[in-house]
Amino acid sequence: MGFKGTTVIAIKKNGKTVVAADGQVLFGHTVLKSNAIKIRKLLNGKILAGFAGSTSDAITLFEKFEEKIKAKGDGLIDIKRAAVDLAKDWRSDKILHKLEAMMLVADSKNILLISGTGDVVEPEEDVISIGSGGNYAYSAALAYMENKKLSAFEVALRSLKIAARVCIYTNSNIVLEEIENE
């Protein structure tokens, strides 16, 4: 899937988890909005989620993901299980299968990528990025992660700024959300 017009990154470092995204929204070759918010806090801020792709599709997926977590009913939050359940539904459901988006979800312990092809990926490093500028942000973040003085917040911000400099579909209006790791 090649989505144009966004970059989203998730980072875990030094006891913090950050999900950040740029704010650009394109309609064809036109920038319609430069300050869109593409990340959400779910379950009273215990989970962060970001998306690349269609906004309405992403909102549907956020809702479905939250339903999967709540469906367990025991009060425990298991984003891995919820991600796998969502990916299964996304791939097999005739309506969900048509949704065009990718998601990053993170809690205090995990960072996951969920795609409509049924993929649920937990990165080897504590960094993952999606969207048109995803590879640029990811590469920058891997380099910045080696600097022990930089926080997760600073790594995410600097990485997205690099992506915005080289990806024409990414801008530098960056929104970041952060949670403390347990």
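Note: Cβ is positioned from N, Cα and C throughout, glycine not excepted.
Just so it is clear, the model here is predicted, and its values are computed rather than measured.
According to Swiss-Prot, the feature active site maps to THR6. Counting Cβ atoms from all protein chains shown, THR6 (active site) has 31 others lying within 10 Å of its own Cβ.
Taken from Swiss-Prot, the feature Na(+) binding site covers ALA164, CYS167, THR170, and the record attributes it to sequence analysis. ALA164 (Na(+) binding site) counts 21 other C-beta atoms within 10 Å of its own C-beta, drawing on all protein chains shown.
Neighbour density for THR170 (Na(+) binding site): within 10 A of its CB lie 29 other CB atoms from the protein chains shown. Under the three-state DSSP scheme, THR6 (active site) falls in the coil class.
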